[in-house]
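Some notes on the structure that comes next.
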Amino acid sequence: MTRGIYITGTDTGAGKTFASACLLHALRAQGLSAVGMKPVASGCAMTDEGWRNEDALALQAASSPRPDYALVNPFALPEPTAPEIAAARAGVALSLPPILAAYAQLAARADVVVVEGVGGWLAPLTATLDQSDLVRALDLPVILVVGLRLGCINHARLTARAIAAEGFAFAGWIGSAVDPALVFPDETFAALERVLPGPCLGRLPFAPGVDAAALAGHIVPGDWRCA
């Protein structure tokens, strides 16, 4: 049975996409077929093939087998803003059925589907639809990507508590270095190890421009329940 995981972050810019791509490569290194998905993406650019999002393209490139873009990113929104606002400006009605249908097709083709969310955990999809509604519909455990910057301990604890309060399985967390000027990074990481409820699945260095495949060894995939 296909296993799936949902990737959320402490906030926008926490490094979810890069962590997700590294995770995909780490899973593939274990001999598993693994595909990425970014159900809703804003800030898309028009190309000869239609609207495309840089993060979704990165997940598509890290996937094996390589899925169709329409399955990776069912909702591609032009404006670089919150999904609720971007969808309204594009005249698009975000809903779960197209996402669930795309996920089912991906799950039929791979051992693991890595689903990347939008922004932080409580960033809504619509006025009436939260990310938790999507995660519940997909029945997935959650990995938290912590952007290692000043304030991340508070953000990580709040996010982990919110995930647990809604009854989701907290599969673990990944530390993602996003601020090279962060003072006491090792102490910050150690504090996160102490206060977060799940296992640490990896620590990614600040490495702009480095291919995710080169850092896959920094990720230790967890043994998640089937979903």
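Note: Cβ is positioned from N, Cα and C throughout, glycine not excepted.
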Quiz prompt | Candidates D48, D55, D139, the one TrEMBL lists with G13, A14, G15, K16, T17, F18, E116, G117, V118, G119 as binding ATP | solution = D55
Quiz item: So which other residues, same chain and not among T17, D55, E116, have a Cβ within 8 Å of the centroid of the Cβ atoms at the Mg(2+) site?
Solution: I7, K16, F18, S20, A21, G36, K38, A41, A56, A58, L59
Quiz item: Whose Cβ, among the binding-site residues D55, E116, has more other Cβ atoms within 10 Å than any of the rest?
Solution: E116
Quiz item: In the same chain, outside G13, A14, G15, K16, T17, F18, D55, E116, G117, V118, G119, whose C-beta lies within 8 angstroms of the Cβ mean position for the ATP site?
Solution: I7, G9, T12, A19, S20, V145
Self-check item: Residue with minimal Cβ packing [other Cβ atoms within 10 Å] among the binding-site residues G13, G15
Solution: G13
Quiz item: Do you know offhand how many angstrom separate G117 (ATP binding site) and K38 (active site) by C-alpha?
Solution: 6
Exercise. Would you list, in sequence order, the binding-site residues among G13, G15, D55, E116, G119 whose CA lies within 10 Å of the CA of K38 (active site)?
Key: D55, E116
